[in-house]
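Novice: Can you keep this structure in mind? I'll have questions shortly.
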């Protein structure tokens with residue numbers, strides 16, 4: 001289950017170019033046999049392709065208003081706040097798969113024995129690229145603040161929030177500098193709690209996992225319903241209203257909401273990991289129907305049932321997408337996986353999935369260069385026309401490839417990230433667990 005960063009990050013023995021440890025890749029036939037051994041956790045390639053299927057429409061959605069004037073397409077393609085729920089589900093799904101035991105109601109003690117290191121390894125799987133892009137484009141971000149006459153104190157505050165990944169806690173500042181990085185901010189908070197969450201969820205039976213999923217869905221819905229009062233149940237009212245912008249940011253960006261969805265991902269994968277031989281022998285539902293159903297919820301905006309993104313995300317997309325992942329997980333462990341499972345596990349989709357995080361990180365700054373009026377007018381004399389939009393998407397793809405091959409996979413970056421995680425873990429020892437001090441240390445009684 002190789003992954004990049006936040007979109008699917010889990011524990012690793014040391015920080016590498018992915019956000020989680022990669023179990024060994026095997027064929028589908030061997031995978032079926034391996035699944036019968038509780039201690040074996042084969043790599044699930046099809047998750048990688050799913051990652052790209054989430055990130056690409058989000059990239060399109062952020063700037064598609066500069067690529068088309070079709071009202072129908074704009075309604076359909078600007079639902080990035082729905083799709084981002086899938087990011088959090090996959091992050092939890094991978095973390096649960098990597099850090100808990102197959103066929104046992106317990107977490108992997110080896111991976112969680114040092115929770116501070118576990119946390120910092122997760123952070124260092126995505127922070128280096130965040131730091132690189134933030135620093136590379138900092139002159140642009142700072143200059144934009146100058147052009148809109150923001151005081152230097154505000155610029156310094158924005159820089160502080162950006163580099164400490166705290167912006168998701170401040171609703172009015174959640175989209176500073178590189179707006180999509182609010183996702184990393186929310187994810188970092190959730191990662192700090194993962195050692196405790198993983199241990200607790202891993203101890204649950206299948207019945208307990210199903211109850212947990214129901215309870216978390218209700219909690220998530222309550223948050224969305226508190227926002228969606230009155231006419232704001234519908235997407236054409238409320239979300240774009242300036243008077244509710246902070247409330248909307250709290251609804252879609254809040255780290256606690258992210259923690260809820262990540263925990264749902266953990267509970268989902270645990271249900272598959274606890275399958276016994278009888279359950280594994282049962283026919284598996286074709287995941288294609290659940291994939292179509294989950295993405296089909298986006299079409300509701302084009303109907304009279306024009307629900308806002310928050311309701312669609314929590315009530316429909318996230319539950320259906322979670323079921324899609326579990327169905328595909330079970331399907332890939334059969335001798336003859338379905339077409340959609342083979343498609344998402346193909347070399348092309350796995351490669352595109354490896355570009356998902358770099359593309360996600362770079363598309364915002366590149367979009368500002370071409371489409372942010374204050375910047376584009378000074379650089380090009382105009383905001384780029386509609387016909388440029390496919391070129392922009394191609395530039396994002398190429399930039400993602402360059403960043404992935406030249407930075408994310410760079411051996412020196414990986415070693416430095418691993419070392420940084422160890423140093424940070426050493427200096428935060430006791431932050432996530434009680435420290436037991438030996439009675440004798442260096443020959444001296446304590």
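From the backbone N, Cα and C atoms, a Cβ is placed for every residue, glycine too.
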Novice: Examine the ranges 319-336, 373-390, 391-408 and name the one recorded by TrEMBL as transmembrane segment.
Specialist: 391-408
Novice: Write down the single range among 8-26, 27-45, 46-64 that appears in TrEMBL as transmembrane segment.
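Specialist: Range annotated as transmembrane segment by TrEMBL: 46-64.
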Novice: Who are the chain neighbours of the transmembrane segment (391-408) in space, where the CB to CB distance is under 8 Å and they lie at least 6 residues beyond its ends?
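Specialist: Here the qualifying positions are 4, 17, 59-60, 63, 67, 128-129, 132, 354-359, 361-363, 366-367, 370-371, 384.
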Novice: Hey, which bits of the same chain come close to the transmembrane segment (182-204), Cβ under 8 Å, at least six residues off its ends?
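Specialist: For the transmembrane segment (182-204), the far contacts come to 6, 9, 84, 87-88, 91, 95-96, 99-101, 105-107, 112, 115, 118-119, 122-123, 126-127, 130, 165-169, 174-175, 212, 253-259, 262-263, 266-267, 270, 360, 432-433.
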Novice: Considering every residue in the domain 'Acyltransferase 3' (45-398), what is the mean pLDDT value?
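Specialist: Taking every residue of the domain 'Acyltransferase 3' (45-398) together, the mean pLDDT is 90.
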